[in-house]
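The structure under discussion appears below in the form of structure tokens.
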């Protein structure tokens, strides 16, 4: 059986992305046919900064239509508009290749959101770009590993704005799209307020969540969604035995327990998109850039998910 062709966007080159590419190539190429969306010259520079520890000649690369950022001992670990622009163009090219069916999926290495902002890129990050590019699809951010997956009803929005987003119709649409994408038989839904609202004592949002759960289960014809569960106990061991699939109303409520349990191995997946996309579930790690300290478990797991 032929290996799948996966486009790998380079992420912010001042972080750990290029180290992950170089140190993981042998393992990744055993899983898929990787196409690295980066100018080969930058990989050579990265390898020099890593004391020429890796082989670079056998990597299949595709040059990006963007100015080459500086990459040297003075730039690594620092926010750069030029690096932000380059990482965006690498990611956009990956999407174009996937749209044209030239690759089977894309793996995105971590970007720096401030670098994108400095480069005047009008998107908060990868998922925001995908939501704008594929407006007819409800793109869902799901993070985790095969032991625990968390779907985020809201992702990169201020916590104070989440309450207004919790509306029955929008949540039903989200829940059904999440179930369709994952094919999960049981999904536990975290509440929004302390004690999942305590029957209205602590806010009205959880009553809306309950109504959305009931409507979604009715549409599916079986009791798929459980909750709303008090979020402070939703991830207890006895709860995680029920199902690996969860939904969180906000970013940190779902991701704090996930990263406490499975930080090194978790991945980020864009569900319900017309293309297949997975990513590492960590940032650029500027503090350890080019020190040969990057853990590649999340990156390899993202490739495994795509392959």
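Cβ coordinates come from backbone N, Cα and C, glycine included.
Using a 10 Å radius centred on the Cβ of residue 268 (substrate binding site) and all shown protein chains, the other Cβ atoms total 25. When secondary structure is read from DSSP and collapsed to three states, residue 268 (substrate binding site) falls in the strand class. The feature substrate binding site is assigned by Swiss-Prot to 126, 127, 259, 268, 277, with sequence analysis given as support.
Every protein chain considered, the tally of other Cβ atoms within 10 Å of the Cβ of residue 251 (divalent metal cation binding site) stands at 20. According to Swiss-Prot, the divalent metal cation binding site annotation covers 156, 195, 251, on the basis of sequence analysis.
Taken residue by residue with DSSP, residue 127 (substrate binding site) is part of a helix.
With respect to their backbone Cα atoms, residue 126 (substrate binding site) and residue 251 (divalent metal cation binding site) stand 15 Å from each other. Fewest Cβ neighbours within 10 Å among the binding-site residues 126, 156, 195, 259, 277: this applies to 156. Residues within less than 8 Å, Cβ to Cβ, of residue 127 (substrate binding site) and separated from it by at least 6 positions along the same chain comprise 139, 141, 155, 156, 270. Comparing CA positions across the binding-site residues 259, 268, 277, the one lying closest to residue 195 (divalent metal cation binding site) turns out to be 259.
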